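Participant: Quick paste of what TrEMBL says about this protein:
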DISULFID  Cys156-Cys189  disulfide bond
DISULFID  Cys157-Cys173  disulfide bond
TRANSMEM  24-46  transmembrane segment
TRANSMEM  66-87  transmembrane segment
TRANSMEM  93-118  transmembrane segment
TRANSMEM  236-261  transmembrane segment
Amino acid sequence: MGGRRRDAPGSDEDYSFVSPVVKYLLFLFNFIFWIISLVMVAIGVYARMMKHAEAALACLSVDPAVMLMVVGVLMFIITFCGCVGSLRENICLLNTFCICLTVIFLLQVAAGILGFIFSDKARTRVTEMINNAIIHYREDIDLQNLIDFGQKEFGCCGGVTYTDWSQNLYFNCKQDNPSRERCSVPFSCCILSKDKELINTMCGQSMQKLEYIDAGDHIHTNGCIDKMVNWIHSNLFLLGGIALGLAIPQLVGILLSQILINQIKDQIELQNYNLKHRSDPWS
């Protein structure tokens, strides 16, 4: 059975296979992520309540606030099982916690492999999302700030090229477009010179009317998709480190829960052994 014999009477009953270090380390591990899950849910609820635009980030498949709440609730349930299971030494809850973590880890690995294999389809999907974001640019201030931040950071304009902004109602180049921004691009597309004391916030005005080479003197003409792909290729080690950083806590949780489950099973066997031999007059 694996238990050790004791010379003193009744000492086997006091012996425990369950390590307090493993037990409370698993509890602390889950408690930290349990608190994080509560914060995520609170942020998601707050963001959803404060969002006034009905077309909130309509370019995305799901509202990030809703996604944050869903992920937070799932984390809350899983870590709750881990917390209670470790404290109560409950094999059922620990198995639930371990299985959930394993499934999530395998799904992440599968998503990474599929994303690498079907990179062309992933690129097409990202292109569609960026084009939808361009269409809804003026409808949501958060989306507008997100696009402007991306274009400034990557030094790009539009999805594939700067003329993609013609898809937007305000920047459309049609002759019957009454917008004052007709054939323009956002200010975040502009090439800013540090030498100039006064920044021209209208530098994107009528840029879509210019040829690619001429427009390149004033704005970034390359699309953000190619810039993003190049950034990913040049930061593979960083992305790999982030992926590893996300995987390690999951693997640690799976390992600790399995160790604790095995210790609890050994403890149950020891208790059954003691009960059996306590009633045995020949023991």
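Cβ atoms here come from the backbone N, Cα and C positions, even for glycine.
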Participant: Report, as numbers and ranges, which residues of the same chain sit near the transmembrane segment (236-261): CB under 8 Å and 6 or more residues beyond its ends.
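Facilitator: Cβ under 8 Å, 6 or more out: 18-19, 22-23, 25-26, 29-30, 33, 82, 85-86, 89, 91, 94-95, 97-98, 101-102, 104-105, 108, 112.
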Participant: Given the disulfide-bonded residues Cys156, Cys157, and counting only Cβ atoms in the protein chains shown, which has the most within 10 Å of its Cβ?
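Facilitator: The residue with the densest Cβ neighbourhood is Cys157.
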Participant: Could you state the whole-number distance in Å separating the C-alpha atoms of Cys189 (disulfide bond) and Cys157 (disulfide bond)?
Facilitator: 5
Participant: Can you give me the Cα-Cα distance between Cys156 (disulfide bond) and Cys173 (disulfide bond) in Å, rounded to a whole number?
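Facilitator: Rounded to a whole number, the Cα-Cα distance is 20 Å.
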Participant: Looking only at Cys173, Cys189, the disulfide-bonded residues on record, which one has the least crowded Cβ, with the fewest other Cβ atoms within 10 Å?
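Facilitator: Selected from the disulfide-bonded residues Cys173, Cys189 on minimum Cβ neighbours within 10 Å: Cys173.
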